[in-house]
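Copied over from TrEMBL:
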DOMAIN    B:22-525  domain 'Cytochrome oxidase subunit I profile'
TRANSMEM  B:34-56  transmembrane segment
TRANSMEM  B:76-96  transmembrane segment
TRANSMEM  B:117-140  transmembrane segment
TRANSMEM  B:160-184  transmembrane segment
TRANSMEM  B:196-223  transmembrane segment
TRANSMEM  B:243-267  transmembrane segment
TRANSMEM  B:279-301  transmembrane segment
TRANSMEM  B:313-337  transmembrane segment
TRANSMEM  B:349-375  transmembrane segment
TRANSMEM  B:387-409  transmembrane segment
TRANSMEM  B:430-448  transmembrane segment
TRANSMEM  B:468-488  transmembrane segment
Amino acid sequence: MSCRYLPGRTAASSLLACTAMQARGAAINLQAPATSLARLEYDLHTMLLLVTGGIFLLVLAVMLYAIVRHRKSAGHAARLFHENTTVEIIWTLIPLLILLLIAWPATRAVLNQKSTRGEELTIKITGYQWKWRYDYLDDNFGFMSHLATPASAIAGTAAKPANYLLEVDEPLVVPTGRKVRLLLTANDVIHSWWVPQLGIKQDAIPGFLRDAWFMVDTPGIYRGQCSELCGKDHGFMPIVVEARSPEDYARWRDARLKQAAASADDPTRVWTLAALRERGEKVYGQNCIPCHQANGKGIPGSFPALDGSPVVNGDKAGHINIVLNGSQKNPAMQAWGKQLSDTDIAAVISYERNAWGNHTGQLVQPAEIRAARAGAAS
Amino acid sequence: MAIAGLAAVPQQSHRPHGWRRWLFATNHKDIGSLYLWFAFCMFLVGGVLALCIRAELFRPGLQFFQPELFNQLTTLHGLIMVFGAIMPAFTGLANWMLPLMIGAPDMAFARMNNWSFWLLPPAMALLLLSFVVPGGAAAAGWTLYAPLSVQLGMGMDLTIFAIHILGISSIMGAINIVVTIINLRAPGMGMMKMPMFAWASLITAYLIIAVMPVLAGAVTMVLTDRHFGTHFFNAAGGGDPILYQHVFWFFGHPEVYIMALPAFGIVSQVIPTFARKPLFGYTSMVYATSSIGVLSFMVWAHHMFVTGMPATAQLFFMYATMLIAVPTGVKVFNWIATMWEGSMSFETPMLFAIGFILLFTIGGLSGVTLSVAAVDVQLHGSYYVVAHFHYVLVAGALFSLFSAVYYWFPKMTGKMYSERLGRLHFWWSLLWFNVTFFPMHFLGLAGMPRRIPDYALQFTQFNQIASVGAFMFGLGQLIFLVNILYSLRHGKTAAQQPWEGGNTLEWRLPTPAPYHSFSEAPQLDVAENGVVVAMQGGKHG
């Protein structure tokens, strides 16, 4: 993997990168940088590796020499010295000096990472359990990005695709050569947005905004993962960034804007049960499955079953309330009203009330959700 | 009974027999043995959890454990190893050896000593019990970060109470160590002449007293956020999730040194003994250890470089962290200077001590790499960090503990351990430790996050290597158990001074150490690092 990045790197890092393991496809070094930040980090790491590796070899050599020569079985008698102020001062000062030499480029790198000004595009990233949302603040549209690897591949009943666990339904698309500023936050717990090749890892913290930046050099697809434990499916919320040329990006953005306008749900539309169920099943699959499971049985002890649940089979208002506003008792049940549209919530509720062993025959229209929201607000 | 063997001195009376001897124990040797056996049991339990983790990670895909259970395994593995295995083991060693090394009749507070040990089993029972309550055990990682820990089921409450109990136990144990060292040294054992192990235990004890209440505070805030309507960590109520991390790591970083300093102390006793030379640079060792203790309070936010701190804060914590490399380097250089021009022999304790220096140095150097905030952006939360802290805690703390147990086993039991099995244990552990943890550096660099139950295909090979290594490493620890159990029964009788170079106070005692030692303080003439030049008086029994 990292062999691709060999030209221009130091001899030492090439020595490190090309081993037998490398030949079999396992990377042993940082991924090939695709931004100036990642390059900075890569070079800094290579320097640290050389410095610390050198120190280690030195320590090892002196120790091995002593072990071989100054052993009792070799007839060596102990010399009972136990102090030497000069030597002790020297080996305090030399490490200090080395650290000062490291601190200089390290400081510049930190300041560089932090300089988020002069952005040409701002994207807000929100971490959810367990997916990401990207909002293009300049153009006023956004979308969710979910894991695209099928559950059967994870369970081992189907073959694993090449980008197993590193593929999403909707990648974050950015233009190359433009400074992109990210604003990060989260909806529930702390997540962390990490794309190694872009040189970014930034925690997304609920209730707070953090920022970061990157500028991709060349078009390509860059993959990463959430890197802060965020609960059950922490390992299953990948990040995919697709960098396109500015012209390509503009085309994509325009298409996206048109599509958003076209597919905007008419909140007054009256749906049929079949149409709502079909849509609801999709919404359920993207949002509810991790906890309540595909069969609606939940996970006993942690997440309640929906199949046969008194809430789902009971009064509509109670069902709408818990989906819209979350559960007081169990904080893992979020207030979905904050992230799903009226139509999506109506659809998923209608689906749940008519799936598995639930046969209420009832459907909930988007207008009812809007009314429930208004009722809660007043 | 196996425990009895560790402190069996039949000729002396006035001690309870049977289970009363252990439940009502006030003798520092009995309590020390209890601590050590307890810690070893917890080491096995935590080890089994680790093997579950490695089994799941042997292949991509979910094979044995669902993600929620996997998260519980990683959480409990961490908590049990830190609070159930390593910390009690060091407290146990301090209990056993400190009075012997400084000429005290016992620990200062014998009954409190009993209480601080007997708090441990219920605390660990709470932790293990949490696996079977609704929702399972805590699954937020051993760091228990809010708001995730606020979300979890009642297993989290059990964990919080367990941590409270463990904290009380550690604080009482630490107070005992401080008071014993300050007040009960035999005449002639000045502070700047004490063995390094005593110095390390003293500084560790101060760290424990300073930071365990901070951890208790952090988890109590989680508890009140969970059940009593507070919003310490909830932005909607005016709180801040990052506050938890600040409080936790203000405990957490000194905690790292709580698990490392006693190891430094042990190695500073073992190396001089087997090099047949005094410790090099005793005074600078004392100052280096103290300054590590002080600096450990000023570096906590290096665990939080990617939370989005301002640049100035990142730079401060980066510089402060890098600075710790200086006193740590001084210690490593001093140990090597102690070996230099020595007359070394390589019995098992020495092998583990040398293995410690070598691998701890790797862990220290990867720590320097992590301290550079700009590079940490790539490495934070990745397997590189997992590799780093296992080099420090397994090859560091654990290897030093093995070194200590082999070193003092003859004095504790009157029997020699099997040198052949001991060496096998060392070489086996050294090999498989590296097979397990070295590839994790590569995994982290290549982009594998920690705490995930399943991974992308390019991480497969190194995970498989690590899993094989882990199982072999785990298997190797049974060699240690067999060696101890066999030697307790059938070991050769140990001489009073089994090590030619052993010249601290404990080696002046009969072997095995009498049940009551130094009931009358000896008059000592001591050189640096507790080396006894002359001794008068000092009755036992």
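Every residue, even glycine, has its Cβ placed from backbone N, Cα and C.
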Distant-in-sequence neighbours of the transmembrane segment (B:349-375), which means Cβ under 8 A and at least six residues beyond its ends:
263, 266-267, 270-271, 273-274, 302, 305, 314-315, 317-318, 321-322, 325, 328-329, 332, 335-336, 384-385, 387-392, 395-396, 399-400, 402-404, 406-407, 422-423, 426-427, 429-430, 433-434, 441
Counting a contact as 3 or more Cβ pairs under 8 Å, with residues at least 6 apart in sequence, do the transmembrane segment (B:279-301) and the transmembrane segment (B:196-223) touch?
yes
Find the member of B:160-184, B:196-223, B:387-409, B:430-448 that has more C-beta pairs under 8 Å to the transmembrane segment (B:117-140) than any other listed stretch.
B:160-184
Top stretch by Cβ pairs under 8 Å to the transmembrane segment (B:196-223) (candidates B:34-56, B:76-96, B:160-184, B:243-267) is B:243-267
Looking only at residues six or more beyond either end of the transmembrane segment (B:387-409), which have a C-beta under 8 A from one in the stretch?
36, 43, 81, 86, 89-90, 93, 96-97, 256, 259-260, 262-264, 266-267, 269-270, 273, 347-353, 355-356, 358-360, 362-364, 366-367, 370, 415-417, 422, 425-426, 429, 433, 436-438, 440-441, 443-444, 480, 484, 487, 499, 506
